[in-house]
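Contents: one structure, followed by commentary.
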Amino acid sequence: MQCALYDAGRCRSCQWITQSVNEQLSAKTADLHRLLAGLPVEQWCAPTGGPEQHFRNKAKMVVSGSVEKPLFGMLHRDGTPVDLCGCPLYPASFAPVFSALKPFIARAGLTPYNVARKRGELKYLLLTESQFDGGMMLRFVLRSETKLTQLRAALPWLRAQLPQLRVITANIQPVHMAIMEGETEIYLTDQQALAERFNDVPLWIRPQSFFQTNPTVASRLYATARDWVGQLPVRHMWDLFCGVGGFGLHCATPQMQLTGIEIAPEAIACAKQSAAELGLTRLHFQALDSTQFATAQGETPDLVLVNPPRRGIGKPLCDYLAQMAPRFIIYSSCNAQTMAQDIRHLPNYRIQRVQLFDMFPHTAHYEVLTLLCRQ
């Protein structure tokens, strides 16, 4: 992939950009083999890739510069701003949004936050696009509610320019730290969730719910999990760290009992909305800590699917799963190193199959799906 920002030495986020996609995939596959060394694997499935560019559905932009000439992108450690509006990872549909937002910031009087001076209001712009219908969610991350009245007053102009903006919010992040968002979310539109659809499964994206940033590869990941579960005798399933329910909603059947657990209430609201649309009455989603939920249960499902953050599921949950001994475990991970550590804490399970998904091209990161069977 050609990138003017990389060539100019202004951005180094895509550290593997000089390698071909095939070279990247080979290196990631070798890394996964190294991490699982000593753990017998029955079947290595062919890795799955996706588009080389324009694949991201989300932009996280630091806002710097002045209210008359705002700059969207990132800050180097020395405070130097870099404009990332031309990043080739973003779809072409983002460009007109960025263009309209620059004069809008002046209209609304949203002074960009100055990190060195600890002054200003607008810290970040968070933009998400639905692959399903092109609808977008825009979040203004502000230091305080001081400019809310001005922001609301200026919004009709922005919505006339960009009718694709379905969900608009103000997120309040008052702390002088590099934290992307705060706890308070103020909706500025009637619509509060963005509709998405993978493999004919309706999904919803809310402001504070995690959603994969590479929809093409994510849809293939969910479809693969559905295929694997469909080949197993599963009538009762847990989906831990379930997010908006992508895995569980793909894998569930009308006959299956499924419980999805996620600590973020916004994500659970999305999952419940999708389950209702699908008419799946035996799906239950709850906003709880996944480890605390699992260790408090007295019943054993046929299959436990886990999709933890980068830290993995950890030894306490591994120990409990080993003791509870469900027949199958599916582990989806964005950090194969912690996944490999966790699997080594499950000695009574063998790896039936593994598949790598290149969710993050031009970086060393990747997603991996692993099916474990009780011995």
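Sequential numbering from 1, following the chain as shown.
Backbone N, Cα and C atoms are what each Cβ position is placed from, and that goes for glycine too.
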Which one, Asn171, Asn307, Asn335, is listed by Swiss-Prot in the same S-adenosyl-L-methionine site as Gln212, Phe241, Glu262?
Asn307
Swiss-Prot records Cys3, Cys11, Cys14 as [4Fe-4S] cluster-binding residues. Which of Cys45, Cys85, Cys87 is assigned to the same site?
Cys87
Per the record, S-adenosyl-L-methionine is bound by Gln212, Phe241, Glu262, Asn307: how many Å separate the farthest pair of Cα atoms?
15
What other residues of this chain sit with their CB within 8 A of the center of the CB atoms of Gln212, Phe241, Glu262, Asn307, the recorded S-adenosyl-L-methionine site?
Phe210, Cys242, Gly243, Val244, Gly246, Phe247, Ala267, Pro308, Ser332
Spatial neighbours of Phe241 (S-adenosyl-L-methionine binding site) that are distant in sequence (at least 6 apart) but have CB under 8 A:
Ile261, Glu262, Ser290, Val306, Asn307, Pro308, Pro309, Ile313
Here are some recorded positions: Cys3, Cys11, Cys14, Cys87, Cys334. Which one has the most Cβ atoms within 10 Å of its Cβ?
Cys87
